[in-house]
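Colleague: My questions all concern the structure below.
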Amino acid sequence: MTMVITPPIERAKIPVIVVGCGVIGLTTALVLQRTQRYSVTVVGRDIPEDLLGPHGISQSWASPFAGANWRPCSADHEQQMQIAEQLTYFMMRDIAEESPQAGIKIITKADFGSSKGELGTKPRFLGYVKGVHEVERRYWPENAVFGYTYESVVVNVPLYLSWLVAEFRGLGGVVTKGELKHISDALRFIDDGRCETIINCTAMGSLSLGGVADDSVYPTRGQVVLVDAPNVNITTGTPGNSEDKAAYVIPRGDGTVILGGVFEEGNTNAHQDMQTTDEILYQCLAMCPQLISGYSSTGKSFNNAVSKDDVEELRKRIIAINVGFRPSRKGGPRLEVQRMGKIVIVHNYGHSGYGYQTSWGYASMAASMLDAALSKNQSN
Ligand SMILES: Cc1cc2nc3c(=O)[nH]c(=O)nc-3n(C[C@H](O)[C@H](O)[C@H](O)COP(=O)(O)OP(=O)(O)OC[C@H]3O[C@@H](n4cnc5c(N)ncnc54)[C@H](O)[C@@H]3O)c2cc1C
């Protein structure tokens, strides 16, 4: 008897447009494309290829300006964000191990609290991160509210954004440059007129995007200093002298290190503030003398004396001083489905200062919401 094998029926993929080509748009697009149920096109006014061009980096998007490291900042009631942080931690660890070219590294973090005022607490995420050790109080930096080291991840942002694009394109995804005035303009980027599905990842752009403008979006200014400091091999962070300051040191794995920073809500000054730069250099040196010394970080003491000469030595190593704007939103990120006639829109924007460290979590949740919204369409 001959057996007849019927080939699997190729189902037509559902076309989806993702508006926004920062870390949130790209990760969401990649998650959707990987399901093989969707054929995804990303359209963005700013795209990672722009970073290679001669015109400098536009401050109208946030993704090129991040440190970026993984350090949860969800409050107790922010359960969606907690899930996103945890999922992204393990996803980024896998990427670091499986795809070194992605620019993610697993690295020790010395964590002394954040400007969110976690006085005396043991953060919840210490329950799942790997390699947790307590740091003796005598080694804590100024302003510390606790002291732990654990395995975190750092992201070399230009490398990682290019890797996301390459992964997505490798699966047949399309990235294209374009600016929309109205959300429904997105549909023009697929010419057969079949697309009725949009994911809105426009971050600060959501403030004025026609049809979906959201006035709860606002910028939180950041200023970071990029230095050449190849001996730094741990990432550190501690609260600053006020709620809108912190000191953090994030090595990018290529000999350069990001130093920060400030969290200035509503401040739209696009230029560097000299006093902020001085404070960043001083506080980061106190935590991390390896920024100028010939030795690799030992991860021992984080409250070292700093002289004026030390600061000037570090100043010589500055490569760039950057100002960027975190896309914040009153009430936190918007992750929800909106229907506009026949069009299904999934919003995924407003990730403030934590877009990288939550990206895989929010992208997966957005994909699940899209699946659910479309299956509801079919059953109606
Ligand atoms: C100084 C600084 C340090 C940071 N450090 C960290 C960190 O350590 N860890 C971390 O997790 N996060 C960090 N962040 C936050 C992180 O950078 C953001 O949360 C993240 O980049 C947001 O990504 P996004 O894709 O939502 O937005 P964006 O990167 O702003 O991208 C928005 C996209 O939408 C497009 N767009 C907008 N409007 C339109 C329109 N009308 N038409 C077409 N396209 C449009 C833009 O061109 C862009 O492509 C930091 C941010 C800053 C500024």
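Glycine is no exception: its Cβ is also placed from the backbone N, Cα and C atoms.
Given the structure is predicted, the values throughout are model-derived calculations rather than measurements.
From TrEMBL, here are the annotated features:
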| type | residues | note |
| --- | --- | --- |
| TRANSMEM | 12-32 | transmembrane segment |
| DOMAIN | 16-368 | domain 'FAD dependent oxidoreductase' |
| BINDING | T202 | FAD binding site |
| BINDING | R326, G353 | D-dopa binding site |
Colleague: If you count Cβ atoms within 10 Å of each one, which of the binding-site residues T202, R326, G353 comes out on top?
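Modeller: It comes out as T202.
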Colleague: Could you state the whole-number distance in Å separating the C-alpha atoms of R326 (D-dopa binding site) and T202 (FAD binding site)?
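Modeller: Between the Cα atoms of R326 (D-dopa binding site) and T202 (FAD binding site), the distance comes to 12 Å.
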Colleague: Between G353 (D-dopa binding site) and T202 (FAD binding site), what is the CA-CA distance rounded to a whole number of Å?
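Modeller: On Cα coordinates alone, these residues lie 15 Å apart.
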Colleague: For R326 (D-dopa binding site), which of the three DSSP-derived states applies: helix, strand, or coil?
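Modeller: R326 (D-dopa binding site) sits in a strand per DSSP.
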Colleague: Reduce the DSSP letter at G353 (D-dopa binding site) to three states and note it down.
Modeller: helix
